[in-house]
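Undergrad: Starting off with a structure, shown below.
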Amino acid sequence: MHYIRELLIVVFTSCPALSYAHSSLDGSRYCRCQPGEACWPSLADWQALNSSIQGNLVEVRPIGHVCHEPTYNKAACERVSKLSSNGTWRANQPGAQQEYAWEVSLSRNESCYVGPDNPTEPCSQGRIPRYSAMVETTEQAQKAIMFARERQLRLVIKNTGHDSGGRSSAVDSFQILTQRLKDITFIPEFTPTLGLAEGTYKSKGPSVRIGAGVLTKELYAAADEHGYTVMGGECATVGIAGGYIQGGGVSTALTPMLGLAVDLVQEFEVITAEGRHVIANEFQNQDLFWALRGGGGGTFGLVTSVTMPVFGAMPAVISELTFESQEPGEPFWRAVKEVIYATRDLSTGGNSGQYWIGRGPTGSYFVRLTLFFIGEMDTGKMGGKVGSLLSALQDQEIGFHLNSTAYDRLSSFLAIPQGEFVGGIAFHQENILIPRGFYDSPEGPAELVNRLAEVKLNPGDMWVANALGGKVMANKDSVDNAMHPGWRTAAVLLVGNRIFEPVLEAQRAVQERMTAVEGPLLHSLGPPGPVAIYLNEADADLENWQEWFWGEKYNRLRDIKRKWDPDDLFLVRHGVGSEDWDEEGMCWIQMSIEECPVREPSQCTCPSFGCPMRHVPGLL
């Protein structure tokens, strides 16, 4: 017995700890500081931080608190209710996410929904942070990071709050909001910062440096004004430099031609867990540069800017074909199969496209196919390009509408904000990457249609499929980053979106159905089956997420994470290293001594707030 006690002391003291936060005496967990504990910052501490960042610290309540007693305010509640769908407004609110799902805490049964219907219903903090540093400069962000590090707080980074996995919110957390970092700088001849590298480097041509808080619509508008085309997504209120680009970055219009957004990144500016402001590119901090390109947002540091190339004006014809059906019978699903064939064939020719299969608010089913013909200006040719599809629809006696518009600059189309007022929707997502081999097989498209037909869609639910292939596949041997190798064989990204009523029971039901029923239904497609899952639009309860998101690259990501952030200050749900922590990233889960991430146990580096007690097999 004395031997066991002495051994435990050795195991504990082999991990140098700077200070201890709350700990459980069973030896299984060590936790970050939480409200109500002695280690939680005092009011004076918060005031000192506020002064050091020029008054940009705020105490946070959920945006819906004005709709609930005891803080109910009828006028304020009506105002918040009207603004709730505005994604730009939500991006700027530290007490909001873009999706209701990540404002609530299912584990605690805590919610604070927006709306005047139930003012007597309790309003709880949920996953909304306790405080937010709404930083305006790199220096302010550095001070906020060091405060979180020194005080052992659960830190979250919010860019805009667009995240299907809950990465930008957490229970009892301290938030850094990057929305005020709005710099957009166009650089006629960009040369990466060489650091210690010797010699000179040829210019990479025109580029743009994008601050962490820049929204997609802001970047598109600025690029169009300067005569450039730039890579980005389709939702106007997504932040470019945050999880979008660090998780991969798909562009409906440009990905088949240019690749993933992350494939184009030339340089990052990053604040590390030590509070250092560093540059990561192909010449310096190359391992960090590799990890940031696909390793996920909020994980390796706080990105303050990203630099990527811009392109000249691109003429384009954009065609949209729509049809609907009150009942999704065999003719409807045969028509869907023809849409899949058409998208496959057109993307093979270098064009890009996206199709939606959904159910509208009245209950009818619809399909919307959007195709981008880059370099074209003659709308009269579009009927010929999709002629086989139109003939197939006519054979099925499916009425359709086709509209084509020519743009002398694709950038002028991209600058029209899309999806700006879809904030606050309660929905969950899931997705799969479908390989080219499956799409090209004789049975592939038919099998996919059969699986889609098996899933019951409720009003508001939809499938969205983006064409990949093209440059994404061509970059297999020329681009080395953290993206799952499956992207380099994928033809289509298929995303499922499921709407639910803003009540906890409905949220649980939808999440359970996606994880237990719909996910396995899609994962079993093939052969060849799904090759990967896009972490930015994934099932929040996905199992084996390390393999699905990163595959063989995960171990290298873990090593880089340990080097740059050994204390896991930057931590997100289903992010690199998060398996060592509980669901909320608050407490370190017991690990065996063999898992200590160093060569010798005596050199074990643990979080600065203390080392979790290591389990010694056969003794405990």
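Every residue, even glycine, has its Cβ placed from backbone N, Cα and C.
Checked Swiss-Prot, it gives:
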{"type": "DOMAIN", "residues": "124-313", "note": "domain 'FAD-binding PCMH-type'"}
{"type": "CARBOHYD", "residues": "ASN50", "note": "N-linked glycosylation site"}
{"type": "CARBOHYD", "residues": "ASN86", "note": "N-linked glycosylation site"}
{"type": "CARBOHYD", "residues": "ASN109", "note": "N-linked glycosylation site"}
{"type": "CARBOHYD", "residues": "ASN403", "note": "N-linked glycosylation site"}
{"type": "SIGNAL", "residues": "1-21", "note": "signal peptide"}
Undergrad: Hey, what's the Cβ neighbour count for ASN403 (N-linked glycosylation site) at 10 Å?
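TA: Within a 10 Å radius of the Cβ of ASN403 (N-linked glycosylation site) lie 11 other Cβ atoms.
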Undergrad: How many whole Å apart are the CA atoms of ASN86 (N-linked glycosylation site) and ASN109 (N-linked glycosylation site)?
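TA: It is 26 Å, counting Cα to Cα.
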Undergrad: Where does ASN86 (N-linked glycosylation site) sit by DSSP, helix, strand or coil?
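TA: For ASN86 (N-linked glycosylation site) - judged by DSSP and reduced to three states - the answer is coil.
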Undergrad: To what whole number does the mean pLDDT across the domain 'FAD-binding PCMH-type' (124-313) round?
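TA: The average pLDDT of the model in the domain 'FAD-binding PCMH-type' (124-313) works out to 96.
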Undergrad: Could you work out which of the glycosylation sites (ASN50, ASN86, ASN109) has its C-beta surrounded by the smallest number of other C-beta atoms within 10 A?
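TA: Among the glycosylation sites ASN50, ASN86, ASN109, the sparsest Cβ neighbourhood within 10 Å belongs to ASN109.
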Undergrad: What does the structure give for the C-alpha distance between ASN50 (N-linked glycosylation site) and ASN109 (N-linked glycosylation site)? Integer Å is fine.
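TA: That comes out at 31 Å between the alpha carbons.
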Undergrad: Return only the integer: C-alpha distance in Å from ASN403 (N-linked glycosylation site) to ASN109 (N-linked glycosylation site).
TA: 47
